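Residues or ranges marked as transmembrane segment by TrEMBL: B:6-25, B:75-95, B:115-133, B:153-170, B:182-200, B:246-268, B:280-301, B:398-424, B:445-464, B:470-490, B:502-519, B:539-561.
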Amino acid sequence: MDLNARKKYWKENLKYLSILLAIWFLVSYGFGILLVEELNTIRLGGFKLGFWFAQQGSIYVFVVLIFVYVRLMNKLDKKYNVNE
Amino acid sequence: MGIQTWTFIIVGITFALYIGIAIWSRAGSTKEFYVAGGGVSPLANGLATAADWMSAASFLGMAGIIAFSGYDGSVYLMGWTGGYVLLALLLAPYLRKFGKFTVPDFIGDRYYSNIARTVAVIAALFVSFTYVAGQMRGVGVVFSRFLDVEVNTGVYIGMTVVLFYAFLGGMKGITYTQVAQYCVLIFAFMVPAIFISILATGNPIPQLGFGSAGEDGVYLLDKLDGLMTDLGFTAYTDGSKSMTDVFFITAALMLGTAGLPHVIIRFFTVPKVKDARQSAGYALLFIAILYTTAPAIAVFARTNLMETVEDTPYSEIPAWFTKWEDTGLIAWSDKNNDGKIQYLPGSAIEGKKPLFVEGKGTSGERLISNASASANELYVDRDITVLANPEIANLPNWVIALVAAGGLAAALSTAAGLLLVISTSISHDLIKKQFAKDISDKRELLIARLSAVLAVIVAGYFGINPPGFVASVVALAFGLAASSFFPAIVMGIFSKRMNREGAISGMIAGLGITTYYIARFKLGWIGDPETNTPENWWFGISPEGFGTVGMLVNFAVALLISRFTAAPPDSVQQIVEDIRIPSGAGEAMNH
C-alpha cells in the first residue's frame with residue numbers, strides 16, 4: 001500500500017468516526033442529558049421521550065452504531081484492499 | 001421440590017459444566033494462557049466479553065439502583081454501554097492489529113519507554129485489584145444468600161472454583177466458561193423479567209412493557225410518578241442529581257469502560273482486526289439485552305412496592321415481605337404505632353444496615369435498634385429488586401434457583417476475567433519484561449499459573465477482609481482507568497506526534513489529580529473532614545464523575561509537553577502507521 005492510499009484510507013476512516021461519534025454524543029449526552037427536559041414534553045407511548053433516550057433509546061443506537069461501523073469499515077477495507 | 005434442593009441441583013449442574021469446560025480447554029502455551037491462542041470467534045468473544053463485563057452488581061444490583069434512583073440511574077445504563085462504542089471505534093481494532101498480549105505491552109512499545117510500561121503496569125494492577133476485591137466479596141455474598149453459608153465460606157468456595165479454571169485454562173478456559181456463564185445469567189435474568197412484565201402490563205417484552213398501561217389503562221410510568229410525588233418523593237422520571245453531575249458521571253463511566261484492562265484484553269483473543277470490531281458489536285448487543293431490561297424491572301418493582309406496602313397494615317402484607325424481613329433485607333419500624341407501613345422519602349434507619357434486636361413488635365415485626373427520626377418507616381435493600389422478583393410473580397421454585405445460578409455466574413465470570421489480568425500483569429509485564437527477559441515459554445507459563453494462584457489468594461484475602469474503600473470501588477476503578485489508559489491509548493493511535501514525555505506526564509497528571517480528588521471527597525483521607533461536602537466539589541462534580549476531568553487533564557498535559565519535546569523515533573512512527581492498516585494482523589505475537 002503506497003503512502004497516498006494509506007493517507008486516503010485513514011482520512012475516510014476518520015470521517016466515519018466523526019460522524020458516528022457525533023451521533024453517539026447526540027443520543028446520549030444530547031437527548032438523554034442536556035436536552036432531557038425539552039424532550040420530556042414529547043411522548044412516545046407511555047414514555048417521556050427524554051427519559052426513554054436516557055434508559056432505552058441511547059443503548060439501542062449504540063448497538064446499531066457499532067454494527068454500522070463494522071459494515072462501513074469492511075467495505076472500506078475491501079476498497080483499499082487491506083481486508084483479510 | 002423445595003427452593004434449597006432446586007438451588008443445589010441447578011448450581012451443581014452449572015458448576016460441573018464450568019469445570020468440565022475448564023478441563024477440556026486447558027492451556028498449553030503462554031499464548032493460550034494470555035489470549036486464548038488468538039483463535040476465539042467474534043461471537044464467542046462477544047458472549048465472553050458480556051459475561052466478563054456484567055458482574056454480580058449488574059445482575060443483582062443495577063435494577064435495584066435504578067428502581068430507587070429513577071432517572072438518575074441512567075448514568076449507569078448509558079455509562080456502562082456507551083463505552084463499547086468508544087472501544088469498537090477508537091481502541092479495539094488497533095490494539096488487535098498491534099498484536100501483543102497486554103495493555104502495558106502497548107503503552108511500553110508505543111512510548112518506547114520502560115517507565116511508561118511500569119506506570120501502566122501499576123495502574124493496571126491497581127485498577128484490577130480495586131475492582132476484584134469488590135467482586136470476591138460479591139461472590140461470597142451471593143453464595144451466602146443462596147446456599148445458606150457464611151459469607152467467608154462463600155468466598156472460599158468461589159476462590160476454589162475460579163482458581164480451578166484460571167489455573168488450568170488461563171484465558172482459554174476463562175473465555176469458554178464465560179460463554180456458558182453468559183447463557184446461564186441471561187436466561188436467569190430474562191425469565192422472571194418476562195413473567196413480571198406480563199403480570200404488570202400483559203406485554204411479554206419488558207422493554208415495551210414498562211412504557212405500556214396497566215389494567216386500569218393508566219401508563220405505568222405516569223402512575224409511578226404520581227404515586228411518588230404524592231408521597232413527597234421526586235418524580236421517578238425526573239431525578240435529583242444536577243445535570244452537570246449526570247453528564248460527568250456518565251462520561252467517566254464510558255471512558256473508564258473503554259480503558260479497563262480486563263475489557264480491552266478480550267479483544268486480543270480474536271484472529272483478525274475485522275473480528276475485533278465485530279465482537280465489540282456482539283458484546284454490546286448481549287450486554288444491551290440485560291441493560292435495557294433492568295430499567296423495566298426497576299419500574300415494575302418500584303410500582304409494586306409503592307402500591308403494595310404504603311399505608312398497608314402489617315397484618316395484611318404479602319408473604320414475600322415477611323420472608324425478606326427474615327433475611328434482614330427489609331426492615332419496618334412502626335414509628336407512629338398505627339400498625340401500618342408508612343413509606344416516605346428519607347432513610348428509615350441510622351447508618352447503612354438495620355440492626356435487628358431480639359423480640360417482636362406489637363404487629364409481629366422484627367425490632368431494630370437504629371430507627372431514624374424520619375417519618376419513613378420502611379428500609380428496603382436494593383438487591384431485593386431482582387431477588388424477590390420470582391416470588392412476587394409467583395413463579396415456581398426452580399426459577400428462584402435459576403436466579404441463584406445466574407447471580408453466581410455473573411460474579412464468577414467477572415472475578416475470573418480480572419484475575420487473569422492480574423496474573424498476566426505479574427508474569428508477563430513484570431517478570432518477563434522487567435526481570436527475566438530470556439525465560440522459556442514453558443517457564444513463563446508456569447509463572448503465569450503461579451501468579452494466578454497468588455492473585456486468587458490476594459483477592460480472596462480482600463474479599464474476606466474488605467478494605468474500607470471497597471464501597472468506593474466504582475469511582476476509583478473507573479476514574480483511574482478513564483484518566484490513565486484511555487487518553488494514553490487513544491493518543492498512541494491517533495497522534496503520531498505523541499511522544500514518551502507527553503504520555504508519561506499526561507498519565508501521571510491524570511492519575512494524580514483523580515486519586516487526589518477521590519481521596520479528598522470520597523474517602524475523606526485528605527483535607528479537613530468538615531469541608532468534605534458536596535458544596536465544596538469542584539464545579540459541582542462528584543467524585544464518581546471526576547475521572548472525566550482527570551482524562552481532560554491527561555490530554556491537555558500530554559499535548560502540551562509533547563509540543564516542547566522531541567518527536568518519537570521513526571521506528572515508533574512506523575508502528576503507528578502499521579496499526580492503522582488492518583491487514584496482516586496474524587495471530588497475537590508470541591514474543
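Think of each number as a place in line: the chain as shown, counted from 1.
Including glycine, each Cβ sits where the backbone N, Cα and C put it.
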Are the transmembrane segment (B:445-464) and the transmembrane segment (B:115-133) close, by which I mean at least 3 Cβ pairs under 8 Å that are 6+ residues apart in sequence?
yes
Do we see three or more Cβ pairs under 8 Å linking the transmembrane segment (B:502-519) and the transmembrane segment (B:280-301), pairs being at least 6 apart in sequence?
no
With contact taken as 3 or more Cβ pairs under 8 angstroms (pairs 6 or more apart in sequence), are the transmembrane segment (B:182-200) and the transmembrane segment (B:539-561) in contact?
no
Out of B:115-133, B:153-170, B:246-268, which stretch touches the transmembrane segment (B:75-95) the most, going by CB pairs under 8 Å?
B:246-268
Considering pairs 6 or more residues apart, do the transmembrane segment (B:153-170) and the transmembrane segment (B:280-301) have at least three CB pairs under 8 Å?
no
Which sequence-distant residues neighbour the transmembrane segment (B:246-268)? Criterion: at least 6 residues beyond either end, Cβ under 8 Å.
34-35, 38, 45, 48-49, 52-53, 72, 74-76, 78-80, 82-84, 86-87, 90-92, 95-96, 99-103, 124, 127-128, 131, 171, 239, 276, 279-280, 283, 417-418, 420-421, 424-425, 477-482, 484-486, 489, 541-542, 544-549, 551, 588
